[in-house]
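Asks: Sequence annotations record features per position, and here TrEMBL assigns transmembrane segment to 12-33, 45-64, 85-103, 109-127, 148-169, 181-199, 288-306, 321-341, 353-372, 378-399, 411-430, 436-454.
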């Protein structure tokens with residue numbers, strides 16, 4: 001039992017570290033591409049990524065979600081199951097791509113991307129199911145080493161080829177797109193073929209099983225992607241590619257907060273499940289205070305230095321987009337609070353509420369974007385994201401309260417933190433042009449935090465010791 005628990009822990013740590021490093025490397029390479037490509041090229045590439053992100057969920061039917069349960073229900077012919085859903089998912093994406101190919105000129109005009117970009121989307125969608133399904137298979141089997149190796153190879157080859165082509169070719173968007181997606185397409189193709197050859201089966205029973213599990217989750221994952229990807233598509237539609245570039249680079253700066261949040265959640269959620277199973281909700285409440293406080297400080301830190309972070313990522317030409325970062329950071333803060341209640345809902349097996357809440361908030365996000373982006377420009381999209389994430393948090397809280405789960409956390413404390421975060425964001429935004437005053441305020445905040453930490457030294461040590469365990 002101990003050995004199995006150690007294996008699970010080791011796998012979880014490696015997945016988290018791998019995700020953190022890769023997304024961190026993507027964040028660190030942003031300044032390179034912003035200096036090699038024009039804003040229009042950066043914007044077009046961001047729009048292409050948004051379309052792929054949204055379509056991948058719908059067209060592939062997200063069948064990889066069925067793999068964890070199938071590992072136990074079809075353990076005698078697991079390879080046959082994997083082969084079946086890989087073929088079925090590829091068939092769906094091929095059918096979709098055929099339709100896109102027939103109407104490629106009309107679609108190209110509608111989405112504002114060249115026809116060759118649509119070819120990239122079509123080919124990527126056709127071969128992508130293999131990688132998603134294999135990753136799900138390796139995770140449930142706790143084979144973390146192949147996952148880490150494949151992810152790093154895919155990321156590094158696409159990054160290096162993209163850099164090589166960008167400095168070699170005149171068309172920056174073409175170079176960035178081909179360089180990024182070609183290695184991924186080749187690797188995904190080889191994986192898909194190997195999964196099909198290994199299983200050598202296409203079973204209708206397996207496909208039906210996968211659809212029953214995966215289809216309800218499509219709405220949930222789609223709504224999440226729409227909330228965080230449709231902004232760029234609509235900015236390009238109502239503004240231009242340069243506005244997409246400004247928004248995307250600033251959004252990437254705020255993504256570091258979400259990356260840290262996901263890493264923290266990967267450790268927090270299993271512990272919460274354990275405490276709930278032991279009926280020790282008071283432990284969750286007690287440790288939620290430093291957990292939320294730590295994330296709050298990280299958010300405040302990023303918002304405080306947003307102008308400098310953006311200068312580093314994109315240079316002076318991207319400085320005007322610094323006002324995108326605070327509302328996006330605040331949106332991710334609301335998502336962190338919502339995930340606390342969402343974890344309780346998952347523990348009590350109430351996931352069916354997720355698609356309803358997520359879908360509602362995604363529709364509101366799109367509707368708000370349609371109204372405000374043409375009038376107020378690309379920065380307004382950051383505030384529609386904030387409104388949608390706040391509503392998502394509120395709905396999850398109300399549902400948890402109705403079911404009696406919310407008492408595990410302190411509602412007054414959470415509300416106070418949200419209000420304080422909003423006030424600090426407003427203060428910092430008003431001081432972005434006043435460098436000396438802003439940094440003086442940052443120094444004062446740091447000194448106050450150090451004084452509080454020193455006065456509560458034993459408590460801080462106790463919490464840190466518990467979190468490290």
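Going from the start of the chain as shown, residues are counted 1 onward.
Placement of Cβ uses the backbone N, Cα and C atoms for every residue, glycine included.
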Asks: Would you say the transmembrane segment (109-127) and the transmembrane segment (436-454) are in contact under the rule of three or more C-beta pairs closer than 8 Å, pairs 6 or more apart in sequence?
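Replies: The transmembrane segment (109-127) and the transmembrane segment (436-454): touching, no.
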Asks: Rank 85-103, 288-306, 353-372, 378-399 by Cβ pairs under 8 Å to the transmembrane segment (321-341) and hand me the top one.
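Replies: Of the candidates 85-103, 288-306, 353-372, 378-399, 378-399 scores highest.
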Asks: For the transmembrane segment (85-103), could you work out the same-chain residues 6 or more beyond its ends whose Cβ comes under 8 Å from its Cβ atoms?
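Replies: Sequence-remote neighbours of the transmembrane segment (85-103) are 55, 59-61, 63-64, 66-67, 118, 121-123, 125-130, 133, 192, 195-196, 199, 202, 206-207, 210.
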Asks: Are the transmembrane segment (109-127) and the transmembrane segment (288-306) near each other by the rule of at least 3 C-beta pairs under 8 angstroms (pairs 6 or more apart)?
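Replies: With fewer than 3 qualifying Cβ pairs, these stretches do not touch.
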Asks: Take the transmembrane segment (353-372) and find every residue of the same chain, 6 or more past its ends, with a Cβ under 8 Å from one of its Cβ atoms.
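Replies: Sequence-distant neighbours of the transmembrane segment (353-372): 216-217, 219-220, 222-224, 226-227, 230-231, 234, 342, 345, 380-381, 383-385, 387-389, 391-392, 395-396, 399.
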